[in-house]
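Visitor: Below are the features listed in Swiss-Prot for this protein:
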type	residues	note
BINDING	72-77, 123-126, 169-178, ASP204	FMN binding site
BINDING	ARG296, THR552, SER614, ARG615, LYS620, VAL621, TYR622, VAL623, GLN624, GLU656	NADP(+) binding site
BINDING	ARG451, TYR452, TYR453, SER454, THR469, ALA470, VAL471, GLY486, VAL487, THR488, THR489, TRP694	FAD binding site
DOMAIN	66-221	domain 'Flavodoxin-like'
DOMAIN	277-538	domain 'FAD-binding FR-type'
REGION	497-516	region 'Disordered'
TOPO_DOM	32-695	topological domain 'Cytoplasmic'
TRANSMEM	9-31	transmembrane segment
Amino acid sequence: MAQLDTLDVVVLAVLLAGSIAYFTKGTFWAVAKDPYASSGPAMNGVAKAGKSRNIIEKMDETGKNCVIFYGSQTGTAEDYASRLAKEGSQRFGLKTMVADIEEYDYENLDQFPEDKVAFFVLATYGEGEPTDNAVEFYQFITGDDVSFEGGGSAEDKPLSSLKYVAFGLGNNTYEHYNAMVRQVDAALTKLGAQRIGSAGEGDDGAGTMEEDFLAWKEPMWAALSEAMNLQEREASYEPVFCVTEDESLTPEDNSVYLGEPTKGHLEGQPNGPYSAHNPYIAPIVESRELFTVKDRNCLHMEISIAGTNLTYQTGDHIAIWPTNAGAEVDRFLNVFGLEEKRHSVINIKGIDVTAKVPIPTPTTYDAAVRYYMEVCAPVSRQFVSTLAAFAPDEETKTEIVRLGSDKDYFHEKITNQCFNIAQALQSITSKPFSNVPFSLLIEGLNKIQPRYYSISSSSLVQKDKISITAVVESTRLPGATHIVKGVTTNYLLALKQKQNGDPSPDPHGQTYAINGPRNKYDGIHVPVHVRHSNFKLPSDPSRPIIMIGPGTGVAPFRGFIQERAALAARGEKVGPTVLFFGCRKRDEDFLYKDEWKVFQDQLGDSLKIITAFSRESEKKVYVQHRLKEHAELVSDLLKQKATFYVCGDAANMAREVNLVLGQIIAAQRGLPAEKGEEMVKHMRSSGSYQEDVWS
């Protein structure tokens, strides 16, 4: 029983500190505003109606009766918000506007008019956390001391005039599934707001996000129509953007965006701060393959941030801004009949005063597709159905209508193949969809998003260089007729090939515009920014750590061990450092095999590396099996206040590790299984169990 008391004390002692760290996440590094979100004449072609952070004033000025707030990390929630706004306007006559939730104040929500409605489309990021742009709203609305302009307390139901709709985007492989929408919904209800319809939840972990969204919104619209006395009408396409070809400009004009991410980059004067909306064009100073087996490649790259204001801490993430593969750009332009005018200059303007143009303008069709639009993503059923009206013939139209209305048929023909929009349409007909307005494509496809990778170096050891470790994705799905190629990792492989002497890089049949717009990436450069993380080493290096990192999940732990080796070289006391690493075979994909030997020499007995090779015997062995085999070691380190880290696959490995750890605690302490699970939950909430996982 004394052992249990010790662990309880450990858990409780760090609970407060961990909670503070959790709830202040993101407030110490502000997210820069998107330079394309503000629309002066060069962006939307119209002046914005004021710069007020007062959403009620904004709605009054622009004649809106429906605002759709979004909290988005990767762009999906923003896309859903835009789709809801468009559908609400076209089907029900709502005067809608889409709003980034961080761009408005919340203290006056108690003044929200009863004849208007607010939507909250909120993604949950990581382990139940708000997205970067929703941190302040989350802290405000769920705070114990929340107060509004009209005064009063929560007991006074200050939001009684607020009608709202809620949809959350989550992943069931994480413990705190859809925590953001659930907690915000509970807070709004507690404050007296009236939810219309049920709070929807989409599950990316189950692969049903899109269908969850579609299934939720129809009964939601019915409930909203009744609550606001809306009349449904036949929807027809009404463009959000006006796209015009500008014959007075050519791609050679220095005012035309050819892939530059910001105006500063266009003008050749990029300046910091570098952020999610303003990348640094960083030189790649080293690139190599850690292994190459059949169609599997794993890259190690060193990216220089010397001479910039970019900084990172061990455990942070680096974002790579990708470029679409040339073959997919060509496919897209051909499918939509744009090949012959790919280099024509276009201007894009928002028809509505509140509409944000997602890509810079003026630009060209080619640049828009290559650098700004997510043309390689799996296509949604709803978007495919919108193209029926523009089908090249009746037979094609009939097929698209069927795909749009029959989710099982769509799943069989499109989802199972992991088709992007151009591939999906090519599977239906060889005829081009020349009548599809380019504005519809801008509206229906997300803006291309940066991809995040765990940094695999220590900022203490190399503050001016960031290491990344990435497996190049090239996968043939069961039943699929083509190989699905990762956009960013194949781009990185092409850069590696070019840097290492290949004059015509062609990774897995993909070609890329490696030199970038106007050759601004020449010399092997890539656009990047840094995202800070709470996945951190203990401040006291003598504290033990246990790391679980199979495959490229070992990336941050290379940085952790690199840092501890440097601290030991300085004469600091370094505690037990245990790594559980797994891969297929020791002579095939054992990442950083030689480096571990060097670190072992530097750290001596304090470093212990335990391996699991899944394909060296008939019975597959994974890291969770090794964890169980070393239960006594794990239990002893936990008693010494060890921090437990997991990095890698969320759907299988991370879940299994979580389960096994609970079993270890229970078995080693003679406790019921439920108590072991409870202790793991306490470790999570206190910050002594940390995850950097993906699905």
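In case you wondered, yes, glycine gets a Cβ from its N, Cα and C as well.
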Visitor: Hey, of the binding-site residues listed (GLY75, GLY126), which one tops the CB count within 10 A?
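Guide: Checking each of GLY75, GLY126, the winner is GLY126.
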Visitor: By a Cβ-Cβ criterion of under 8 Å, what residues six or more beyond either terminus of the region 'Disordered' (497-516) are in contact with it?
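Guide: Sequence-distant neighbours of the region 'Disordered' (497-516): 259, 281, 284, 287-288, 295, 297, 323, 325-327, 370, 472, 474, 483, 485, 490-491, 522, 524-525.
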Visitor: DSSP on TYR174 (FMN binding site), three-state: which is it?
Guide: coil
Visitor: Just checking the binding-site residues ARG296, VAL471, VAL487, SER614, TYR622, GLN624: which sit within 10 A of SER72 (FMN binding site), CA to CA?
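Guide: Within 10 Å of SER72 (FMN binding site): none of them.
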Visitor: For VAL487 (FAD binding site), what is the secondary structure state per DSSP, taken as helix, strand or coil?
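Guide: In three-state terms, VAL487 (FAD binding site) counts as helix.
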Visitor: Between ARG451 (FAD binding site) and GLN624 (NADP(+) binding site), what C-alpha distance do you get in Å?
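Guide: Cα-Cα distance, ARG451 (FAD binding site) to GLN624 (NADP(+) binding site): 28 Å.
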Visitor: Can you give me the same-chain residues 6 or more apart in sequence from GLN624 (NADP(+) binding site) with a CB-CB distance under 8 Å?
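Guide: Non-local contacts for GLN624 (NADP(+) binding site): MET653, GLU656, VAL657, LEU659, VAL660.
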Visitor: I'd like to know the mean pLDDT over the domain 'Flavodoxin-like' (66-221).
Guide: 94
Visitor: Could you round the CA separation between LYS620 (NADP(+) binding site) and TYR453 (FAD binding site) to a whole angstrom and send it over?
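Guide: That comes out at 27 Å between the alpha carbons.
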Visitor: Fewest other Cβ atoms within 10 Å: which of the binding-site residues SER72, ASN171, THR469, THR489, SER614 wins that one? Let me know.
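Guide: Among the binding-site residues SER72, ASN171, THR469, THR489, SER614, the sparsest Cβ neighbourhood within 10 Å belongs to SER614.
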Visitor: Restricting the comparison to the binding-site residues ARG296, TYR453, VAL487, which residue's C-alpha is spatially nearest the C-alpha of TYR177 (FMN binding site)?
Guide: TYR453
Visitor: Near ALA123 (FMN binding site), which residues of its own chain have a C-beta under 8 A away, given they sit six or more steps off in sequence?
Guide: GLY71, SER72, GLN73, THR74, THR76, ALA77, THR131, GLY168, LEU169, GLY170, MET180
